[in-house]
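Since the structure comes first, as structure tokens, the remarks are kept for the end.
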Amino acid sequence: MAVTNPSATCDGFSIIILTTLVISSSLFGTSSAQLNATFYSGTCPNASAIVRSTIQQALQSDTRIGASLIRLHFHDCFVNGCDASILLDDSGSIQSEKNAAPNANSARGFSVVDNIKTALESACPGVVSCSDVLALASEASVSLAGGPSWTVLLGRRDSLTANQAGANSSIPSPFESLSNITSKFSAVGLNTNDLVALSGAHTFGRARCGVFSNRLFNFSGSGNPDPTLNTTLLSSLQQICPQNGSGSGITNLDLSTPDAFDNNYFTNLQSNNGLLQSDQELFSTTGSATIAIVTSFASNQTLFFQAFAQSMVNMGNISPLTGSSGEIRLDCKKSDQELFSDTGSPTIAIVTSFASNQTLFFEAFAKSMIKIGNISPLTGTSGEIRQDCKVVNGQSATEAEDIQLQPDSVQEAVSLADM
């Protein structure tokens with residue numbers, strides 16, 4: 001595994017064409033029984049670059065988005081494996097994991113995932129899975145924040161359903177004891193070193209009052225604050241999150257470098273400046289094997305980066321769907337199977353007819369492609385015949401590049417926090 005260390009730094013889309021794209025994806029999509037780094041080399045060689053570019057654009061208006069995206073990958077992998085089930089919306093047959101307690105009013109970044117998927121579908125339709133989008137987005141988010149880069153293993157496929165109950169029970173909670181969290185990591189094949197290394201992702205991003213206010217006034221029913229919370233930090237947090245307040249305030253997970261991926265998270269723990277109970281317990285639980293790991297990562301950022309990269313690969317290997325299992329979703333929010341499974345949907349009859357008659361499918365596909373080609377074309381004297389398809393005639397390449405670099409005017413709605 002290579003690990004590097006960068007410096008911180010229309011109506012026209014008819015139901016028929018949608019159905020034909022689903023069938024094309026199912027029949028002709030690439031699959032593999034094992035994850036590998038070159039899975040898309042022949043089918044979507046620029047997948048990683050497309051993901052990274054979309055995140056770079058999102059970061060221009062939302063410095064928190066990297067932390068939010070990696071958290072989506074974490075919360076996905078801990079529930080039935082890394083299968084993008086967290087991205088599915090509610091439907092007649094699906095109870096969305098987005099509404100589970102660890103994710104409701106908290107998980108964010110879904111619109112950026114949609115933007116990434118749209119870009120990938122434009123470049124290589126029906127090829128890159130939503131679960132691989134989350135894996136690639138996590139690596140890009142970390143490296144763009146100054147953290148390590150690693151070789152992302154690919155080839156995951158997407159689930160057909162979600163597991164809301166599993167999300168409620170399997171995702172580690174910031175209120176849990178270290179022993180409980182260790183058990184949840186162990187249940188998915190991750191060890192104590194993985195636990196500490198992956199907790200280091202809290203070196204960037206934000207958290208809302210609701211996930212740490214239990215430490216501020218009446219910790220564990222004692223009538224007093226958590227004794228392992230630095231008193232200076234305590235005073236600051238009590239102002240941000242007053243007793244009996246709304247719990248909607250947010251603060252940085254890392255006090256010193258909130259938007260950079262570094263090892264300051266671990267030095268914070270050594271001075272009792274861990275924000276979450278689950279964070280501080282890594283260093284303050286007497287006799288725990290996690291203390292020595294925290295100490296080593298605090299004194300050696302390279303060691304932390306290497307361990308984090310390996311643990312991300314380990315987590316990404318949790319029960320992936322491969323081969324012919326699952327699907328490659330066209331829309332990360334909705335399983336393609338719903339086109340056939342939604343009771344009463346007109347798509348069912350279309351799918352059935354195309355499945356039994358390839359000639360009918362080919363004829364419909366050709367007609368639908370003609371319909372797409374007729375969507376609002378410029379003809380006659382309208383528009384121009386470009387000499388270079390990338391640049392409007394009379395415009396320099398530099399001017400075109402400046403336009404492309406402008407941030408999107410439509411920003412993602414901000415939810416409460418990254419935790």
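Using N, Cα and C of the backbone, Cβ positions are placed for all residues, glycine too.
On a predicted model such as this, the values are computed, not experimentally measured, just so you know.
Under the heading domain 'Plant heme peroxidase family profile', TrEMBL lists 34-336 (among others).
According to TrEMBL, the feature disulfide bond maps to Cys44-Cys124 (among others). The C-beta environment of Cys124 (disulfide bond), restricted to residues of the same chain at least 6 apart in sequence and closer than 8 Å, consists of Tyr40, Thr43, Cys44, Ala47.
Other Cβ atoms within 10 Å of the Cβ of Cys77 (disulfide bond) number 30 in total over all chains. Here TrEMBL flags Cys77-Cys82 (among others) as disulfide bond.
Its own atom aside, the Cβ of Cys332 (disulfide bond) has 23 Cβ atoms within 10 angstroms in the protein chains shown. Annotated disulfide bond per TrEMBL: Cys130-Cys332 (among others), in sequence order.
The substrate binding site annotation in TrEMBL covers Pro172. Non-local neighbourhood of Pro172 (substrate binding site): Phe78, Asn180, Ile181, Lys184, Phe185, Ser278, each in the same chain, at least six residues away, with C-beta under 8 Å from its C-beta.
Residues or ranges marked as heme b binding site by TrEMBL: His202.
Per TrEMBL, disulfide bond is recorded for Cys209-Cys241 (among others).
Look at TrEMBL and you will find 335-393 (among others) tagged as domain 'Plant heme peroxidase family profile'.
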Site with most surrounding Cβ atoms, counting all protein chains shown within 10 Å, from the disulfide-bonded residues Cys44, Cys130, Cys209: Cys130
Neighbour tally for Cys82 (disulfide bond), based on other Cβ positions within 10 Å of its Cβ: 29
Helix, strand and coil residues within the domain 'Plant heme peroxidase family profile' (335-393) as assigned by DSSP: 30 helix, 2 strand, 27 coil
